[in-house]
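*Asks:* Could you have a look at this structure, given as structure tokens, before my questions?
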Amino acid sequence: MSSPNEQEGADEKAGEGTQADHSSVQESKSTLPEESPAGGEEEEDVEHVETDTESIADDLEEQDNIEVSPKEEKSPEKEEKKIPETFFYSYEDICSRPFVTEDSGIPINLLTLKYSFGYDCIRSVNLMVMDSQSLLYVAGNQVVILDLKTKSQSYLRSSSGGGIGFIAAHPTKQYFAVGEKGEKPNLIIYDYPSLRPYRILRGGTQKGYVFGDFNHTGTLLASIGSSPDYMLTIWDWKQEKIVLRSKAFSQDVYRVTFSPDNEEQLTTAGVGHIRFWKMAYTFTGLKLQGALGRFGKTAVTDITGYVELPDGKVISGAEWGNLLLWEGGLIKVELCRAGHKPCHNGPVSQIVLDEGELVTVGKDGFIRVWNFEAVDPADSVDETGLLEMEPMNELRVGKNVSLSFMCKTHDCGQPFWYAQDANGKIWKLDLTFSNITRDPECLCTFHSRRIEAMSVSPMTYLVATTALDRSVRIYDFISNSQQSEIQFKQGGTALSWAPDVVNPTGSLIAVGFEDGVVRIIEVYDPKGLPTLAERPNIRNAEINLKQAFKPHTTAVTALAYERNGEVFATGSKDKTVFFFAVEDEYKPIGFIHVPGPVQALQWSPPSHLEEEIALRERKKQEKEKAKLEWIKQLQEMGKEVEEEEEPEEEEPLPSIYIPEEPSPILCGFYSAPGKFWLSLGGYDSGFLYHCAFSSDEHQEDPENRQDEPFEVIPIEDTDDNPIHQISFCTSRLLMFCGMQNGALRVYPLQDKDLSVSTLKAYWSFSLHDNDYGQIRGICCSYDDRFLITCGGDGNIFTFNILSPEDVHEELKAKIPPPRMGLLKEKAAEDIEDPSACKFFLHVFYFSVEIIQVYRSETYVTSDNTGSKPKLYDVKTIIEEVKQKKEYERIMKEAEDKKSKKREELIALRQEFLFLLQKNQELPKHMQLQREQYEMDRRVFEELNRQTAQRIQLVEKELAWEHEKHLIGLQKLQNWFRDSLEFETVVVHAIQSNHQISTYRLVAVSEKYYQDKERPSWKKTVLKRAWKKEKKKEITRDRKPKIIKEEADKLMSKIQKPTTRFIERKREQIRRLVEKSDKEKAKIMKRKEEWEKLYKSKPRDDYEDPGDVQAIKEAQENMGYYKLKTATNYRVTQYMSTEKKTMQLASLEVLIYKKKLNMNKQIMSLRDWKVSIIEEIKCLLQELKSVQAALDLSECLPLPPIPQLHPDEVPEKRFEYDHDILLKFKEEQAAKAKLQEQLEESPSSVAFRHSFNKSSYKETGSLQQTASSHTMKRSSSMVTEQQKIFVIEKAEPTEIELEILKKEKIKNLYLQKTLINKINALVTNFDAELRFLRHKKLQLDVQMKYADLSYITWFEELLILKNAEKNESILQGHVNTLQSEQEAMQSKLNSCLAQMEDKKSEIVKLQECEKALYASFQASLGENNESAHFLTKVLMKKFSSINRKIETDEKDESEEESDEESSLESDEEDSGSEEEIFDISVCPENCDKALFQNTIQLREKRLDIKEALIREKKVAAKLRKEYDVLFEKAKSIEYSLNTAEKELDIFQWEKQQKLNDLYVVVPLKLHQVEYFFNGEIPRDFSQALVFTNQTLEYLQKRIVDLHHEKLMQRKIYKKAQKQHKQLVRDKKEMEMTIQHLEEKCNQLMMLKFGRVVDFEAVQARSVNIRLEELELQIIEKEYEHSQEIKECMKRISDLQQKLMMLTKENTIKVRQLNQFCIEKQQLETKLDSLKDDLGVEFQGPRTADMKEKARMESQLKCLAHDEAILREEINLLSRKDGHLNEQLSLLTRNNQFLQPSSPQDLEAPDEIFPVLKP
């Protein structure tokens, strides 16, 4: 359809709807701004790219050879028409259609698209959401609109058939853009949901569009082109115009986006670059300027995901998963997670700024949410440029998920995200991160990569596909649904559905995989199984693995069943073809090698077998017959039988060009027995080659065969687009060809054969992607009703064949039923590790007859190396089997030898054991010792050495494991223990059961202390920078002051007495001025004081604002307490997220400090207990030594030693040694052994409890070992002392008895003292513990209160975060309006000031006019006869012609036409008046001076009049401007009030949400004062909770208000009395003032005779102007005297120069006179000489002639000098004023005098004649 901008009545062509019209290109080109190419080199740091109109014009000229001149653009006649909003294109006219050869008779609707099963997830952005139930994505040449509810699809075809590059949604979701691919592709805007083409944008790129994006308002569209131009284009899409264009980069560009906050900024990113663009206005117009981002130290990376921030920064992702923050074209900081972990484990595919949160989407399947407020101001803190940061929230979508893109929508008011998974899925995500967040939901699943193979069921409407995504899928193409899916560990590469002869139910499928494994799977309907039929939610089809085997080492590329279904063949890239016998289990037959990797397998047609056998037999018989005849002929001739003679060589034909790299074989098929067609790629593409199998059986190496095709058919338009797949319908009347560019061709065949004529007519349609959508498979359904294609772009399309109107309602796909006994069968074993599994052909016993049977079977194979297809048999199998059999025989012999040796060793060992037993039975004296068995000690040494080596080797082998476990232990400690600042430590009392435990405390992050205690490093840096700037400014200010002071000093030195006088005069004038100013200031100050006093005089109805405000507040607030739940409550203090966060942080720090302090006290208590235990041990040791000297009856029982419980020293749990580890190992083994026995018994729980208790006791026993050891040692020492005492015991004397008695008393006292001391220590410790326990219980209560407050505050923080975005928007709106109001108020004030200025100027001009009239009347005098005439002259309204001419002469820039018109208008205006009188002639009776004065006054009056008119116009204009501004100010004020109301409403709603939160307030009964009928009610919903202070304050306030009321009454009475007194004083003062004024007037009348204005007299006492003029006269006289002095000095210098020149000329005159005298003497000498001095002297001589010439030249020089001197003398003799001029003419740079004119040089003799004798 034609463009809306074209002329009406233009012809429309349906087939050319995709081509852009010349006029539309011309129109789009005419909108381009003119720009000049930038001159100069680009800077190194930022590369500026500006669009150039000339380059764009060249591009457009290449496209359509149209040029538009700028003049034509400006002409109003050719002004473009705007496209109306309601204009739409017709979809039928622009969409691409199938190509059909003309006059072929092929119907256009041969194939119609039915459904699309695939999804192109390789594209980075292939998902678009228009509403909550519709998804749009690109599938080949179609845009698919998927309805999520019904799973139905609708399609939009591309207009060019070249593919689709991108889709983009309009911000309003009313339109979406589709960028296409191909030659000069279109960019089409569709309307949604009508899907009508709304606009077509042409000429944006050459080959295809890659990405596009609308701006925030939706008025502009930016698009990026692909190779080769990579053109960035900005569109005014509604008018189909190009606004700006520029080349984006020289490599692939992935994305382009507008900044959401500044629509004049764009960003592009792609391979190894990111670029920041600006639309800037320059002197040549609007331009695109691009700055290339510089990576600096950061490695260059491809950028796919980025986002623009509100402040102009950009955050992008990197390939290694970190985030890069860009500012000013440079990387400001690189963000990572803690420990330098990347933000994502892989590339960051998308970054979104959503509701103030930064969301990143990674290829690792994670979505992470970051704190935007921390990211935006982030900066690097060290040289690495990295900044560690942790995400606020994260979501792992699932395993094996690779997210590429996601977009947001709202469903039932809730936000949801639809995500594109590069592994073939579409997810629905909930990113609210709350307690009701939904789990990720997989909406659709597809193949994630290209479809490798496809096959259709021979029995029903099912199709099976496989791909490298490791899945096999079954689709029902009648119901358009996926029936089943199965996953494997390797990707599928080949697939074949078993024919009905193999499986009559059609349930078996053979699948080949990339690891060489072939799996046989079966499809069945699970509803047919009795155990599953009654279960709900059963799938329609299930897939079961039947068998798996691995015949190949690399990927399986081809599978084929023999026509009878008895043999199954597999081909692979490992250049082998394996054959299997098809039975219940596939059994191997053999394999063959082929020259190259197998591309395809196809069995020969049914008629090939018999004909091949007969042909070979016939050829064999003919050869044998010919050989026998030849031998017979040789024998008859009497010759011996020799070898065959070589045939004569024929002359070789001219060589055929063969490419260096053979063309690959793409596909092929049988045409007849032994003949086949091939399609080749590369150099040989564009043809179908008809070939035949070689008949040369004697050639062993098939690679050396040189077969040639015997027929070639050229295929139209396939030189660069070869055929990759060929398939036929069942009747073979249609041949389907899959092309490299994703197109499908259909050739109708006649008589089932191929020829040039049959392949001329065809039907073609672009289906898959034109770049990478090569068709990988084409299949027809078993009844030829449907066609299915699959491609490299992952898409699967189904088509109706010649039946678009048939709905096929009666058709239904039937799932094969399950086999009998399927559930009872054991599950088939799959090959888990293909690398560890090798397929061996077992020993096959082939008889000659079996090999001969299979020898008749032939196979055609093709490979991608370009070698010709060959015929193979199974001859090579015998040799392979022989080699295998020989290898197994050798291995069997080696195993037999090993077994014999083992048996001999076992026999010797048993014999040795028997001898050892016999030796043990002998008596001891007869037994042989163990050493005697050693035949050689070196043997044992060698064994020990080997054992040590083995131990060392084992240690080395286990070193890695040992280090691994050590690192694992360290990591566990770092993770679980190091983060703990305090672990739970329980301190027990010694004599009671009281105990106290520490808080399990996690270390608080340093950020709290950094925020609170440390000043921000940015602030310190800014302070330092500010101080430096201040110092610089001070130094800058000092420099001019210093220079000024030096200049003043110099001037003061130069000043002379005259200047001093002038300065004194100036000082005198200054003093007079100051005095006058002071007087005026006093007068003005007095006036201002009076005015201020009068202004401050209150009106009669005046009220004090403070009192009014106090009354208003009292009326509003008194009488009730404002509740936050009230409807009229107004929020005065806004609570923000930052404040609430700071509250939470401060609360956390407070809790942490309280717990830390308590933990320190408990730990000090624990340490005290440890010291007490040590002290008690020492005291007990001393007590034991004391009791050793006492009798047992006198010994008191020893107090027990307190023990440390295990939970008092939890750190010892992690102390271990080798014995503890062995014991732990034994316990674990015992646990594992008894676990199974005690698992079901009821006593298992008790056993676990006892086991744990025993282990608990063992840990305590470990700690008691040291103390028990010391006690044993001390007790042993005591017993030894007792023994010694017993041994040495004797009869004591009396003195000894007395000493013993004293010692006994002393020891008893010591015993009692020590025991009391021990008891005191224990009692004090217990008391201290109980006291600290009481404090901790109080702290627990406080901590519980703090936890409750923390929960409440955190809930408030969540509410504040949810409302933060809307609040910021409303607050920003209010701030904007306030700033606008301030700006508008400043404009109003400035406008008012200007108006006041203009009013004052108008008043001044009016006063000047009045003064002019007054002076005119004064000049006339009284009774002047010419008064009437002069008044007319004065009031004449036109200006003087002379004045006009003078102004015209001065202004040379005015045009002549303006001058003439102005003069003519003046003449016309003055014409009527000139008839009455002429102002140029003074009347006779009028005074000429008065007349001239009147003329001058008239000129002044006209000037004043013009100025007055001009000022009035300006004043009127200002008034209008003021009115407009006032209206704007009113509207802004109204908007501001509305915005403030909205903000107040929002704050009230937010407060209500905060009020809805439950706040726990624990109260005691005595704190409750809310009673109903004398009882505490059950419902406290109407109660209020006050603090005691607040309640007391309210009660106190009642009393205060009563006192205030009494005080106010007293104040009122006092004020009333004061008022009466002031009224009386006022009357008295008025009378006094009146009396003084009368007295002042009387005194003035007495002194002056009239009333005088003293202020005016005082102001006019000094004529400052006169004084200033006198001072100027003095200054001028002084300057003139200085100039005269300088002139006199110059005159004296010139006189000195003149005198010097006179002296020099006098000397030269004397020299001249001397030369003249010498000349005369020489001439006389010459004349006196005689003529006849000799013959030799007769005639002229050469020497004389030379001398004469020399003398003549010397004479001329002298004459010349004489002439110069004479001229100088004449000049010096003159005394007129031309002396300096003549001197300047005579003076030269070389300081020599030259003649002043050339005549002096020509005739010097005239001035000075030569003297002759």
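In case you wondered, yes, glycine gets a Cβ from its N, Cα and C as well.
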*Asks:* Given 678-709, 1062-1093, 1254-1285, which one carries TrEMBL's coiled coil label?
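*Replies:* Within the set 678-709, 1062-1093, 1254-1285, TrEMBL attaches coiled coil to 1062-1093.
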*Asks:* For the annotation coiled coil in TrEMBL, which listed range does it cover: 877-911, 1367-1401?
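*Replies:* Matching range for coiled coil: 877-911.
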*Asks:* Mean pLDDT for the coiled coil (1062-1093), as a whole number?
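*Replies:* Per the prediction, mean pLDDT sits at 80 for the coiled coil (1062-1093).
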*Asks:* Who are the long-range neighbours of the repeat 'WD' (444-485) in its own chain, taking Cβ under 8 Å and residues 6 or more past its ends?
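*Replies:* Those are 114-115, 117-119, 121-122, 146, 151, 153, 421-426, 491-497, 499-500, 505-506, 509, 511-512, 514, 521, 523, 539-543, 772, 776-777, 779-782, 786, 788, 790-796, 798, 808, 811-816, in sequence order.
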*Asks:* Provide the three-state DSSP residue tally for the repeat 'WD' (444-485): helix first, then strand, then coil.
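*Replies:* The counts are 0 helix, 25 strand, 17 coil.
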*Asks:* Just give the helix, strand and coil counts over the repeat 'WD' (549-583), going by DSSP.
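*Replies:* Tallied per class, the repeat 'WD' (549-583) gives 0 helix, 19 strand, 16 coil.
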